[in-house]
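Following: one structure in structure tokens, then a few remarks.
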Amino acid sequence: FPPAVFPLSCVVQNYSWGKVGLESEVAKLVASGDPLVQIQPDQPYAELWMGTHPRGDALIRDNRIPQKTLGQWISDNPACLGAKVKDAFQGQLPFLFKVLSVNTALSVQAHPNKELAAKLHAQFPEHYPDANHKPEMAIALTPFEGMCGFRPVEEIVSFLQNVPELRALIGEVAAEQLERSGSDDPRGVSAALRVCFTRLMKSEKKFFVDQLNVLVRRISQEAAEGKDTSGSNGDLLLRLHSQYPGDIGCFTIYFLNLVRLEPGEAMFLGANEPHAYLHGDCVEIMACSDNTVRAGLTPKFIDVLTLCEMLNYTPAPSSSKIFPAAQSQLDPNVYLYDPPVPDFTIMRIEIPASIKLYLISAMDSASILLVIQGTAVGTSTAAASEMSLHRGSVLFISANESISLHLSSPDGMLLFRACCLL
């Protein structure tokens, strides 16, 4: 039998928004995972990709396996996915698992549902490379900030009243329509919100750059005088404007919730949910797709019309965006993040220092295991030899295979395991 459990060497993406050098959790994990890797102190280390994506197919670190990459191995051994997963996802691993280290904001974006993805891909294949949906979930490794979903209407109305530059861009008619929309008519609220956000995003470039400059000057002045600028969301505005000067995305802070996650807290981003990660480190999991509709805080292709058409305009408080983990009934060391899509689930496994032998249990799905802290020796009947596990190690585990961990670290272990629970 070829080994069905093996270590991976994963691809790093050096996008410009990533944290630099050893500030980056991605760089730290890569450096601990492979001591031969040289971390460049001035290079951004933005994402670590653990999966079979063609732009970042993981390398297999086991010279008894003839295939070079995980993608090749799975296509030659599709049963490793587990019977249900193999059938449901046409012999493909259904998720891409990542670590992100965010220094400057990512673009304001949303991901289409399957129906819209198929349409966009047919019309504009150069911008929308596949026909799949792309739900995502992020779990914080360090304190993490992102924008997600539309704020409660009263917060947006308050900004419309405190930020004249925002009101000028949206126009009096649309602003008053939102102010008058009542909570007893959610469809009316969503319609008014759609009009306001679309007017903002479609405003004339010269006009919004002028308004943004006026706003930034005014907030900088007030901050310099020691005034409270929170009524205009001043701190975040100045921060985003310093990263993306003159970008329409700076105004989206008045519409979207600011969500702060503590380590272990998660947010789930379903189809059509507007979002932008701002700062921090997280593990992320997503369906296998590259479909992203962008509209600001980016130099990339932006598609404002599609974005404004597709968004979910349901206002909700930022606290509702935090996705809860459920402690496993079977194993108190496991916390499950099981979102309302079939493509993926993440387990956070926290093994206390008192436990010296721990079983990573078999399941009917292929999984990818990432070690965040702690050391152990792993043994499995499906592995060719024992495996040394430490911070930064990544293992592929075929369906129905288990691993015994012999722990050797004084302070326990923290692991994340990505899988597909159908």
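In case you wondered, yes, glycine gets a Cβ from its N, Cα and C as well.
TrEMBL has this to say about the protein:
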type: ACT_SITE; residues: Arg294; note: active site
type: BINDING; residues: Gln109, His111, Glu136, His275; note: Zn(2+) binding site
type: DOMAIN; residues: 5-153; note: domain 'Phosphomannose isomerase type I catalytic'
type: DOMAIN; residues: 169-256; note: domain 'Phosphomannose isomerase type I helical insertion'
type: DOMAIN; residues: 336-376; note: domain 'Phosphomannose isomerase type I C-terminal'
Other CB atoms, at most 10 A from the CB of Arg294 (active site): 22
Arithmetic mean of per-residue pLDDT over the domain 'Phosphomannose isomerase type I helical insertion' (169-256): 97
Helix, strand and coil totals (DSSP H, G, I; E, B; other) for the domain 'Phosphomannose isomerase type I catalytic' (5-153): 40 helix, 43 strand, 66 coil
His275 (Zn(2+) binding site): tally of other CB atoms within 10 A of its CB: 22
All-chain count of other Cβ atoms within 10 Å of Glu136 (Zn(2+) binding site): 24
Residue counts (helix, strand, coil, in that order) that DSSP gives for the domain 'Phosphomannose isomerase type I helical insertion' (169-256): 67 helix, 1 strand, 20 coil
Residues in the domain 'Phosphomannose isomerase type I C-terminal' (336-376) grouped by DSSP into helix, strand and remaining coil: 0 helix, 21 strand, 20 coil
